[in-house]
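Copied over from TrEMBL:
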type: TRANSMEM; residues: 43-63; note: transmembrane segment
type: TRANSMEM; residues: 69-90; note: transmembrane segment
type: TRANSMEM; residues: 149-170; note: transmembrane segment
type: TRANSMEM; residues: 210-230; note: transmembrane segment
type: TRANSMEM; residues: 284-307; note: transmembrane segment
type: TRANSMEM; residues: 418-438; note: transmembrane segment
type: TRANSMEM; residues: 444-466; note: transmembrane segment
type: TRANSMEM; residues: 473-491; note: transmembrane segment
type: TRANSMEM; residues: 542-559; note: transmembrane segment
type: TRANSMEM; residues: 590-607; note: transmembrane segment
type: TRANSMEM; residues: 619-640; note: transmembrane segment
Amino acid sequence: MESSKERTHYVQESSDDHSPIEEVRLVVPETDDPSIPVMTFRVWFLGTLSCTILIFLNTFFTYRAQPLTISAILMQIIVLPIGKFMASVLPKRNIIILGKSFSLNPGPFNMKEHVIITIFANCGVSSGGGDAYSIGAITVMKAYYKQSLNFLCALLIVLTTQILGYGWAGMLKRFLVDPAEMWWPSNLAQVSLFRALHEKETNSRGLTRMKFFLIFMGASFAYYAFPGYLFTMLTFFSWVCWIWPHSITAHQVFSGKNGLGIGAFTLDWAGISAYHGSPLVTPWVSILNIAVGFIMFVYIIIPLCYWKYNTFDYRRFPMFSNKLFTHTGQIYDTSKILTPQYDLNIAAYENYGKLYLGPLFALSIASGFARFSATIVHVALFHGSDIWKQTKSAWNKVNVKLDIHAKLMKAYEEVPQWWYLILLGGSIGLSFLMSFIWPKDIQLPWWGMLFAFVLAFVVTLPIGVIQATTNQLAGTIIAGVVNLGVCWWMLDNIENICVDDAQHPDNPWTCPKYKVTFNASVIWGLIGPNRLFGAGGMYQNLVWLYLVGAILPVPIWVMSKIFPEKKWIPLINIPLISYGFAGMPPATPTNIACWLITGMIFNYFVFKYRKGWWKKYNYVLSAALDTGTAFMGVLLFFALQNEKVNLKWWGTELDHCPLATCPTEPGIVVKGCPVF
């Protein structure tokens, strides 16, 4: 650690130390008491327990046909009474462990302990989907390719890929955390809930935040019994299909589950928040940019490509699907083109035929090309000079301007830089070692590992800047071990897990999230991008989206310099516009459209016209909806669905648009679909 003489000199350029972000000023307090105990026995016990429970539940639910991600807010609520109970019954005498003395009960259960425990729990919802990203690769290897895999190798894959991020984090903290403009809006819901749970409100008009939370949590809990079990059609309410029950085109346009979802809607909070998180915590400017991209891609580009131009023979396939197809519109059987070593059998591939992508899937990949290059160029143009100044300031340890919250954090010792470097070097070293020890399991040579690390480092900063302005190690290790253990058990013990729902219509374990991961492995690994996107490939023209994405931020940046008084110009964010198409599939247009509408209502209209209500209740409402839905989701599963007590009636069919999955090209024969 640096000495007091070596500490950075902080220069105040103005007397106003408040955060420049209004949402932060409204929600986050500007006081702190460094004397409050933090790393207590209660923190380690409850943190470990909450992380274990949450990662177990999220791993379990992520394999479902209708996935449910349980946020850390669930444990944030549960541990509060437990922490207070421990504070009332644990002995206050000191005990000695490894030569160090500490108290099992240093006093009342405080907010800082509560925060650290919730940070532990957050490790149980990593990657935004309830599991480590590498779990997807392991699931694909075991469930789809039926490949044997060494458990120790799998565990090291999970831990190294997760811990690697800490190395990047240590190197990029000065860019993604210290600047006041990097405010990570998704955290504000939890900050608001912490204050509601711990602060006493006096002389407050209306309901206190705690009462508000309990009321809406109870309402959310009771209501989710309907979309979660009793009346599941509320998840995709595609009422327009009832008018034209025999029209494929009508079903493609109006289906909320398998079509464009025009006129369809969801009254299921899990459906609204499933893929982009809670819309109540996303800034209005971000919502507007995403909406532009969503409307442009879903309601303009896809219909033109499908009906007018029949791009890439799109009418041979369903408009919306997460599956891969043959030229005749059938599901692509990858087992027919595999060698015993899980490589591509080129002769079999040429005999079986080329791989085709559905319209929404192909354009989703194309938008990813544009988003990648646009993110790098956007950050370089709009934030490049600030990043360079921050780099020089941090390196020289002078002229670093911080807001009040960053200054309050200076009362605590920082984690030394060498600690991050050890984690980074250790993760990279172990990864290289695995590529030599288990080459058949890893199937990635050392130079491929090196390229992956370099690419990850290059994109971490620009993507982090976008997330920080638009949306603990022990916990990570615990989460990784439990994550893999649950995954391994389920893949070995649940019959027909990840099997296509067309073969087993009542199978609740169809793994839609990992189906997309499997498709990606076929596209980018088995068949390879060169055959699809290279010269002569069916989708070679989509590669031009890289160039388009790189060019689009330039005129916006130029206009912002020519017209500096037009403050709305820099708010046009090409990476966010391209993000309007992200996550589809498995996300549906209905999921995203309802997310956008909900976010617009609360973060534009309510924020603008009822700012007092928004300041007091907005993030508390988000937390209440998450918590109530999660509680009922867990209860329904273990009490009814896991016992195979299922309802079967008209209202439990998710979508009454069965023809939405049919092709429209004349002569294409697909089971269950009419032939034109």
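Using the three backbone atoms N, Cα and C, a Cβ is placed for every residue, glycine included.
No curator has checked TrEMBL annotations; they are predicted automatically.
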How about the transmembrane segment (590-607) with the transmembrane segment (284-307) - do they touch, taking at least 3 C-beta pairs under 8 Å (6 or more apart in sequence) as contact? yes
Stretch winning on C-beta pairs under 8 A with the transmembrane segment (473-491) (pool: 43-63, 149-170, 418-438, 542-559) is 43-63
In the same chain, residues at least 6 away from the ends of the transmembrane segment (284-307) whose Cβ sits under 8 Å of its Cβ atoms read 185, 260, 262, 276, 314-315, 319, 359-360, 363, 367, 470-471, 571-573, 576-581, 584, 589, 592-593, 596, 599-600, 603-604, 607
Residue numbers, six or more beyond the limits of the transmembrane segment (619-640), whose CB comes under 8 Å of its CB atoms: 27, 57, 61, 68, 70-71, 73-74, 76-77, 188-193, 196, 209, 212-225, 228-229, 269-270, 273, 278, 280-281, 602, 646
Do any residues, 6 or more residues outside the transmembrane segment (210-230), come within under 8 Å Cβ-to-Cβ of it, and if so which ones? 77, 193, 196-197, 201, 266-271, 616-617, 620-621, 623-625, 627-629, 631-633, 636, 640-641, 647, 651-652
